[in-house]
Protein chains: 2
Amino acid sequence: MSVGNGTAGTSPLPLTNSVPVERGDAARNRALLLDAARLLVAERGAEAVTMDDVAAAAGVGKGTLFRRFGSRAGLMLVLLDEDEKIQQQAFMFGPPPFGPGAPPLERLLAYGRERLQFVWDHRALLSDATRDPQTRFNSPATLHRTHVRSLLAAADTSGDLDAQADALVALLDADYVTHRFVDLGRSLREQGDAWESVARKLCGQ
Amino acid sequence: MSVGNGTAGTSPLPLTNSVPVERGDAARNRALLLDAARLLVAERGAEAVTMDDVAAAAGVGKGTLFRRFGSRAGLMLVLLDEDEKIQQQAFMFGPPPFGPGAPPLERLLAYGRERLQFVWDHRALLSDATRDPQTRFNSPATLHRTHVRSLLAAADTSGDLDAQADALVALLDADYVTHRFVDLGRSLREQGDAWESVARKLCGQ
């Protein structure tokens, strides 16, 4: 995951955000700010959290916050990215049935429920981050489609696996999940059941 | 389809755009402008068409164009809306297999191919119009999901029909179709095959 830490000689591109050695207090500061932001987002929802709130909660000046993350959008993206990485670790290397070690269909169903909860918890951040079609369908969304596709393949699913994976992932889109919850009154549990119904069917069950 | 043409007494809501009797030359003018715009969009793609282009092609002043449609976005929405209505007429009342009279699965497959072509032809307009999640999942998208759902039901499809209809419709999203075409090199024909594969599978074939 490290992006050229100085050992590979000259870098072909200037890495504007690369910090070869992050000073201890800077790293602590960063973690402190992210923890404060995460807590506020969990309490109030991302849309209600300002940079002033985060700075005050972390007990630092707003200048420090902006120097570190550039903008409110930048801070929110880092927050989302960190949580995405934690979830990716869990489905790639964590305990079954979300992680490896369970039968493919069981893993797929666990993925659907876990991802639905993640999407709901991060709906405002994900909705903003995927407003641009370039990010909606390219990295990091690619990782989720690849994961679902590989589980469909492992479950010996027939037919066009790309399209089936995309269809399943589409049902976990933040705006779609929010629409079903808010406009149609479908709980997360009901949405999980619906996702499971489609997943089982595609896997021939 | 008519929205209270004066015969039903007082209207409960002010219909701001209602024009009880459109003067003949105004109606002709409107049709002329829309035809000019439609031709230019077909030739160059919506993103390359300006209001100056449309006014020049129709041989009217730009002021007339703005008075009629409010803005470039307004003109584009009317254009999309008119074409949507033509396609809706076709799948609701037109000849089979797109319209009624063919077995449900045949109609569903015809719908997938026809809609894919429509989405591709209108990708720029649809992408703009559905950037807001409120329009992406609510009317007029509802009509398409209802149509697909009713064909799944008519084909005696098992399981959660709402989720299956939504999954099928998601594969016809303008940004998704464009992503597959542009980024992944998947032709419309290949995308139609992929859609058919998922549709057949959901219908138990």
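Note that Cβ sites are derived from N, Cα and C of the backbone, with glycine treated the same way.
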Matching range for TrEMBL feature annotation, region 'Disordered', among A:1-21, A:127-147: A:1-21
Annotated range (TrEMBL: DNA-binding region) out of A:50-69, A:150-169, A:170-189: A:50-69
Chain residues in Cβ proximity to the DNA-binding region (A:50-69) (below 8 Å; excluding those fewer than six residues from its ends, i.e. six or more beyond): 29-30, 32-33, 35-37, 39-40, 75, 78
